[in-house]
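Enquirer: Here it is, the structure in full.
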Amino acid sequence: MLIYLLSAVFTLFALPYFVLSIVGFLAPLIVFVYKFYHKILLNKETCIDYIPAKKLIAFIFTIHGYIWHSYEIVNFENIPETGAALIIYYHAALPLDYYYLISHCYLFKNRHLRTIADRFLFKIPVFNIFMDVMKASPGSVELCTQMLKEGKIVAIAPGGVREAMFSRNYNLIWNNRIGFAKVAIAAKVPIIPVFTVNIREAYRTISFGEKLFQKLYEITKFPVVPIYGGFPVKLKTVIGTPIEFESDLTAEQLAMKTAEAIKALIKEHQTIPGSIIDATLERFTVKSKNYC
């Protein structure tokens, strides 16, 4: 009996890292194979666009989301076919929902989201190459503004790793970050609020020892809280109504307005406290009429 219990516990904690290994090693492997094919077999040294590799990676994520989480997107039309926009989203413990969203935008809208990611990701061997190919960057106000002025879609999770590790019951942990609002104002682009239903039921962080983990994070700036889960719950990404640019709004006001928009999505669509069992059963209910 003890062996079965230990096996179950091990599986719960191992699954998230197995998924991370897919993201961290399979995706870069695809990039490496394509690079080898392009440069060695085709004898082309420059101008590698990686488009076939990107499409294959996006297809893998799309299939994984559909099979494991019955993934869908509501109000997908709120992401523009052309032109710039700033996506602001809630950061999950393991943000697979965001990878699914990136994949759908790339495959079905031919839009490549420019992701602003935490700096620690670029320090991981091999994975940093994948991040570069997927157009992710640590970002700055200047860089984000430039990309938006060029007509690109930029995506930011203001809560970052801190929100991923320490958010309970879907509370936002932005710590008064307003850089994204400054970017939106400087580029004069709309902000699109995004939230994924049940994402905290799919993967969770342990709740005990939180103060110790917070201290460790402040020292290391590395995600130190163990993740468990991999539960096949229903995931549904809701794309909120775009918050249009208003010249009279300050960065503080726009940041607050964006936070309230995401909180409204959470209040409308998410059951709190969340239930893994209920979230799994949602897979067998009727889908929204407006989904991708």
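Keep in mind that glycine also has a Cβ here, set from the backbone N, Cα and C atoms.
Annotation source TrEMBL lists transmembrane segment at 6-34, 55-71, 83-102. The domain 'Phospholipid/glycerol acyltransferase' feature in TrEMBL is assigned to 85-199.
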Enquirer: Could you tell me the mean pLDDT over the domain 'Phospholipid/glycerol acyltransferase' (85-199), as a whole number?
Expert: 91
Enquirer: Looking only at the domain 'Phospholipid/glycerol acyltransferase' (85-199), how are its residues distributed among DSSP helix, strand and coil?
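Expert: The composition, in the requested order, is 51 helix, 20 strand, 44 coil.
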